[in-house]
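Engineer: Got a structure for you, questions after.
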Amino acid sequence: MKDRNPDANYVGRFAPSPTGPLHIGSLVAAMASYLDAKVHCGRWLVRIEDVDGDRNVAGADEHILASLQRCGMAWDGDVTWQSRRTDLYDAALRQLGDRVYPCGCSRREIADAQLALSGRQAQALIYPGTCRHGLAPGKSARALRLKVPQSPPCVIAFDDRWAGHVSQDLTDEVGDFVVKRADGFWAYQLAVVVDDGAQGITDIVRGADLLDSTPRQLYLQQVLDLPQPSYLHVPVVVNDVGEKLSKQTGAQAFDTGAAPEVLLTQALLPAARFLGMELTAASIDDFWRQAVPAWKNVLMDTCAGMR
Ligand code: GLU
């Protein structure tokens, strides 16, 4: 594992989508990003990623913030909400200029085109570039897509501090991707890159389910002329059938009214164990005192395992 750039003043963040209350899976991502900021004497910001109006659950943001507080995770500065920052996304879209084009394809049409081209239904939809040179007659604009260079292919590689070297051919494996969705909502990829840039985030620590999105974000950073943060993707908690834990897949939400001992034994200690830290804390304060040096050891062990 590569360590981060030691010269940069660390600014990390936890960026939950308010699609439900905090649970053990999201606590693992919050804990890893919080501990990494503490180990590097950095700042830790919290940003509520509520751009997807369809998936937001009323009150989930407040529940998540209350859970973080109850667990003793204090953030620096003010919490930000993406839904209040749409001017920034508009400005980024203007900056992208004619790299962005309207697309009239439905998911079904993209899947059918993929099937026709490769003879098989792939798991991820790869956009074949149908509307790149203009909408077909009779089609109206749905989403906005960002052009990915075709030749030579756009291969994006980076060294993840946990997962090691990662490389993805955006041209072949992703295609031109959506920056504004057909339903009018900003795409996660654009909003996250704009906010990480605007907030001066130097270090992103989050779940490995987003590893696959990172090359698209690195490409957007390049075209928007934003600095590249360092990345660390921790494993995600899964249920018995291997699905990422979420409200939909049966995750138990936090009871924000639970006694501190309950939060300690049923949330903090299990989340720490998942991250490879066997702690024996008797109180929440004690937990964080032990967890900061323990995270340093996790980083060292991960590093040794990769050599
Ligand atoms: N909002 C995303 C989520 O809750 C995380 C985004 C990120 O950390 O980049 O899954």
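One-based numbering along the chain as shown.
Glycine residues also receive a Cβ, built from the backbone N, Cα and C atoms like all the rest.
TrEMBL does not curate its annotations; it predicts them automatically.
Grabbed the feature section from TrEMBL, which reads as follows:
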- Arg13, Phe14, Ala15, Pro16, Ser17, Glu49, Tyr188, Arg206: L-glutamate binding site (BINDING)
- 13-279: domain 'Glutamyl/glutaminyl-tRNA synthetase class Ib catalytic' (DOMAIN)
- 16-26: motif ''HIGH' region' (MOTIF)
- Cys103, Cys105, Tyr127, Cys131: Zn(2+) binding site (BINDING)
- 244-248: motif ''KMSKS' region' (MOTIF)
- Lys247: ATP binding site (BINDING)
Engineer: Sequence-remote contacts (6 or more beyond its ends) of the motif ''HIGH' region' (16-26), Cβ cut-off under 8 Å?
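Structural biologist: Same-chain residues near the motif ''HIGH' region' (16-26) but 6 or more away: 46, 48-50, 52, 55-57, 60-61, 63-64, 67-68, 207, 236-237, 244-247, 251-254, 267, 270-271, 274.
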Engineer: Using DSSP and collapsing to three states, where does Cys103 (Zn(2+) binding site) fall: helix, strand or coil?
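Structural biologist: DSSP call for Cys103 (Zn(2+) binding site): strand.
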Engineer: Let me make sure I understand the structure: which of the binding-site residues listed (Cys103, Cys105, Cys131) has the fewest other Cβ atoms within 10 A of its Cβ?
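Structural biologist: Counting other Cβ atoms within 10 Å of each of the binding-site residues Cys103, Cys105, Cys131 gives the minimum at Cys131.
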Engineer: Mind giving me a neighbour count for Tyr127 (Zn(2+) binding site)? Other Cβ atoms within 10 Å of its Cβ, every protein chain shown.
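Structural biologist: Summing over all protein chains shown, Tyr127 (Zn(2+) binding site) has 20 other Cβ atoms within 10 Å.
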Engineer: Please list, in sequence order, every residue of the chain apart from Arg13, Phe14, Ala15, Pro16, Ser17, Glu49, Tyr188, Arg206 whose Cβ lies within 8 Å of the Cβ centroid of the L-glutamate site.
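Structural biologist: After dropping the recorded site residues, what remains is Arg47, Ile48, Val192.
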Engineer: By DSSP assignment, list the helix, strand and coil residue numbers for the motif ''HIGH' region' (16-26), in that order.
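Structural biologist: Result for the motif ''HIGH' region' (16-26), in helix, strand, coil order: 3 helix, 1 strand, 7 coil.
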Engineer: At the level of the C-alpha atoms, what whole-angstrom distance separates Cys105 (Zn(2+) binding site) and Ala15 (L-glutamate binding site)?
Structural biologist: 30
Engineer: Taking only the Cα atoms, work out how far Ala15 (L-glutamate binding site) lies from the residue listed as 'ATP binding site', in Å, as a whole number.
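Structural biologist: Each residue's Cα considered, Ala15 (L-glutamate binding site) and the residue listed as 'ATP binding site' end up 17 Å apart.
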